[in-house]
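The feature Fe-coproporphyrin III binding site is assigned by TrEMBL to ARG131, TYR145, PRO146, MET147, ASN148, LYS149, HIS172, GLN185. Among the features that TrEMBL reports, active site is placed at TYR145.
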Amino acid sequence: MSHAAETLDGWYSLHLFYAIDWASWRLVPEVERTQMLAEFEALLTELKGAKDEGKGDHVAYNVAGQKADILLWFLRPEMKELTAIETAINKLPIADHFIPTYSYVSVVELSNYLAGQSDEDPYENPHVRARLYPQLPETDYICFYPMNKRRNETYNWYMLSMEERKKLMYDHGMIGRKYAGKIKQFITGSVGFDDFEWGVTLFSDDVLQFKKIVYEMRFDETTARYGEFGSFFIGNKLDSDTLHTMMALPTK
C-alpha cells in the first residue's frame, strides 16, 4: 500500500470569479452606479483590515477572456469566514450585476515530499509560517488553474511509492526554482473541498512567465505522465482606478 504524503495546512482559500452583466448595468443610472461601486470598494477596504491584523488577505484582478471579468481571491483562518465574505458580496446592490462563473474552495498547503528530518514544530518555523499564512503579492498579473494527479490503469500517481513520488516532486521543483524572482507560486489543496485536487495561483509582473513555466513543466515527468489540468484564468491587477475604468460607461 502506498502511503499518503503528510501536509501542513494554513489559511483557507476562496477564489471567486464573476462576469459583469453589462446589459443590466447599462440600465442603472450613473448616480446609482457610482454609489454601488463605492459600496463595493468600501467592503473590499474593510476586508483588507484582516491583513493588518495578520488574519488573512485578498487580491482583486481583471480577468482576460470570456471566462470571467473579475477574480477575487480571499484567505482566512476559518472556512466560515470565507462563506461570510461571499454572502456579504452577494448582498451588495452591485452583485445584481455580477454573474458568478466559477469558484474554487481550498486551503494553503505544503507537502512533506521535500521536507528534511527535523524535530522542530514546522508551524513555529518563520519560513513555513510565511508560506502557510502569506501576504499576497501586489504584482501586475495573476494566473490560476486547478489540477489533479492522474489515476488510471496506465498511470496512477497514488499507487507510486513515497520514494518514487519524492523523486518526481524533487525534479518538478527544480524547474520551479528557475523562476524564483520572476514568479511567486501558491499551492492550495482541495481534496474533499472542490472538484479538483489542487489549485495553483501564480503571481508575476511579466505575464509571459506564466506561459514559460507551464510549458517547460509539460516536459517534466510529473506533469507529462501524471498531470491533469482544468481551465486557466489570467488577469491583470484591479485597483480602484482600474475598477472604475472597467465599470465606466460611455456618456451619451
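Placement of Cβ uses the backbone N, Cα and C atoms for every residue, glycine included.
Structure with TrEMBL features highlighted.
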residue	record	contacts (Cβ under 8 Å, 6+ apart)
ARG131	Fe-coproporphyrin III binding site	GLY10, VAL108, LEU110
TYR145	Fe-coproporphyrin III binding site	GLY199, VAL200, PHE229, GLY230, SER231, PHE232, PHE233
PRO146	Fe-coproporphyrin III binding site	TYR104, SER190, ASP194, ASP195, PHE196, GLU197, TRP198, GLY199, VAL200, PHE229, GLY230, SER231
MET147	Fe-coproporphyrin III binding site	PHE196, GLU197, TRP198, GLY199, VAL200, GLY227, GLU228, PHE229, GLY230
ASN148	Fe-coproporphyrin III binding site	PHE196, GLU197, TRP198, GLY227, GLU228, PHE229
LYS149	Fe-coproporphyrin III binding site	TRP157, TYR158, GLU197, TYR226, GLY227, GLU228
HIS172	Fe-coproporphyrin III binding site	MET217, ASP220, THR222, THR223
GLN185	Fe-coproporphyrin III binding site	GLY176, VAL200, THR201, LEU202, PHE203
According to DSSP, does HIS172 (Fe-coproporphyrin III binding site) fall in a helix, a strand, or coil? helix
